[in-house]
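Below is one structure, written out as structure tokens, with a few remarks after it.
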Ligand SMILES: NC(=O)C1=CN([C@@H]2O[C@H](COP(=O)(O)OP(=O)(O)OC[C@H]3O[C@@H](n4cnc5c(N)ncnc54)[C@H](O)[C@@H]3O)[C@@H](O)[C@H]2O)C=CC1
Ligand SMILES: O=C([O-])CC(=O)C(=O)O
């Protein structure tokens, strides 16, 4: 029996990440090589021409899996029947800014989109927020979609995870495929904590091969500040790597992580002392189409302090958006 087409909505489809994503989605890299796709591209009026142009090019790609492309500036229409929502549309930061500087401007985008998802999404909807500050924007979106289970709203820390894997592999001069068991904890911000204490390289504990000073002075700051490094070098924020990580996140969510784990920002259930409801990055496995937090990992003082600091920032962001009226009291 042919697989049913899935409705995939991309917000900010006329922007940089949108352009890097759309063709890869159409080629089957989001959901799988046998899953037909119906694309909805949501933009604000100023972005519609760019999205329309991308739609023309998608048409020219003659992608066998792509059944339709619709461009709209109406969130209700964009999310009607949506199975996968990629919430990319929002302002990127520039040089000298932190992602939290975008809180107020971008936060206002996500309440209305949450309401539109609540009103019309398919029962199995899965949402990935990419737009920064991603964790708190996911929190805002979920807060406006009370009828959709909170576990369906996630934020992207897969780019941080991929960066950490790549940095570690380069340091140890091994292929990225040799690394397993890495975790990004907390916020997609400079406070995030890339944790190697449970990581292995070809089955050997990484912690036997690297020292704490390398972790504290080189690895952690390099990964946590990679977004700023990219902005400094290319003059604009990450695009290709962000699109790639978006595909990785959703592909694994839908198709499973197998024996290993990855990192994603998901609604906390209180695990590891992270206050319930915060959208925080955890070690996660995807089982049966749902993210499950990897439980029972030991956490020493080095890790605990860093996880707590990043979670404290998430609590502050939640208070800030509450004070702005972007989530209910
Ligand atoms: N979570 C992560 O790892 C990463 C997140 N980002 C974030 O992704 C976001 C997008 O980045 P780019 O594509 O480079 O930016 P961009 O400025 O090229 O594109 C953003 C697009 O969103 C559109 N937009 C704005 N408000 C909208 C709304 N209410 N509805 C629909 N579309 C709307 C704009 O018209 C624009 O076309 C930024 O917030 C950036 O900081 C970027 C890299 C990694
Ligand atoms: O740093 C930024 O503003 C863009 C981003 O989230 C990243 O590259 O991780």
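Cβ coordinates come from backbone N, Cα and C, glycine included.
Among the features that TrEMBL reports, active site, proton acceptor is placed at 188. The NAD(+) binding site feature in TrEMBL is assigned to 12, 13, 14, 15, 16, 17, 18, 106, 113, 130, 131, 132. The feature substrate binding site is assigned by TrEMBL to 93, 99, 132, 163. Per TrEMBL, the feature domain 'Lactate/malate dehydrogenase N-terminal' maps to 7-146. If you look up TrEMBL, you'll see 157-321 marked as domain 'Lactate/malate dehydrogenase C-terminal'.
The average pLDDT computed over the domain 'Lactate/malate dehydrogenase C-terminal' (157-321) stands at 97.
When other Cβ atoms within 10 Å of the Cβ of residue 16 (NAD(+) binding site) are tallied across all protein chains shown, the result is 18. Rounded to a whole value, the Cα-Cα separation of residue 113 (NAD(+) binding site) and residue 163 (substrate binding site) is 29 Å. In the three-state DSSP classification, residue 93 (substrate binding site) falls within coil. In this structure, the recorded positions under consideration are 93, 99, 188, and the one with the smallest number of other Cβ atoms within 10 Å of its Cβ is 93. Proximity to ligand 2 at the level of Cβ atoms, with a cut-off under 6 angstroms, picks out 93, 132 from the binding-site residues 12, 16, 93, 131, 132, 163. Here the C-alpha separation of residue 12 (NAD(+) binding site) and residue 188 (active site, proton acceptor) works out to 19 Å.
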